[in-house]
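Heads up, the thing below is written out as structure tokens.
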Amino acid sequence: MVTKKKRNFALIVSYKTINIQTFKPLNHHCPMEKTLILLKPCTVQRRLIGEVINRIERKGLRIVGLKMMQLDDAILNEHYAHLTERPFFPWLVSSMKSAPVVAMCVEGNSAVTVVRNIVGATNGRKAAPGTIRGDYSMSGQENIIHASDSVESAEIEIKRFFREGEIFEYPDPLHDFMYAPDGD
């Protein structure tokens, strides 16, 4: 018997019968992190945007900011300041300006670590199969995606690529299906 007292339903399947019972949300809270992801120009040019976003969402992370943008020297010099003395830096800037990037802010429990695990090792030739770079990259530079390496970096990078009002807070009806009460 189905009642319409609640909006959330769980489907319970047993041998020869199907029962629908009302699901009661657990109302537990897990600490959420935000992290930055940049889909590099090679990803845009290879038409892999949807594939990468699909992997991120299937894992249970939710997108709270998303935009396509053309990077300029100023933002690249700031973002890659730690690489300016490296011999490949001019090539990196040129590559990152060759087409738009897709900037994403994603949210989830331990989002920085989870995204880094999904992304894989920096060099696509060394990245594990099943990771984004392991499946789609053959290079250390044209490696599909940038992901923040720490919570602190994520906070700085999100502010670098998103203005106030471009990161959204909205209800997450799947929260209780994604996370256990202890946050694990």
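Here the Cβ of each residue, glycine as well, is placed from N, Cα and C on the backbone.
No curator has checked TrEMBL annotations; they are predicted automatically.
Annotated active site, pros-phosphohistidine intermediate per TrEMBL: H146, in sequence order. According to TrEMBL, the ATP binding site annotation covers K40, F88, R116, T122, R133, N143. Look at TrEMBL and you will find 32-169 tagged as domain 'Nucleoside diphosphate kinase-like'.
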Number of Cβ atoms other than its own within 10 Å, given for N143 (ATP binding site): 23
Site diameter for ATP, Å, by largest Cα distance between K40, F88, R116, T122, R133, N143: 23
Residues in the domain 'Nucleoside diphosphate kinase-like' (32-169) grouped by DSSP into helix, strand and remaining coil: 59 helix, 26 strand, 53 coil
Least surrounded among the recorded positions, given as K40, R133, H146, when other CB atoms within 10 Å are counted: H146
Close in space, distant in sequence - R116 (ATP binding site), Cβ under 8 Å, 6 or more apart: A147, D149
Spatial neighbours of F88 (ATP binding site) that are distant in sequence (at least 6 apart) but have CB under 8 A: Q141
Sequence-distant neighbours of T122 (ATP binding site) in its chain (C-beta under 8 A, six or more apart): R133, G140, N143
Overall pLDDT for the domain 'Nucleoside diphosphate kinase-like' (32-169), taken as the rounded mean: 97
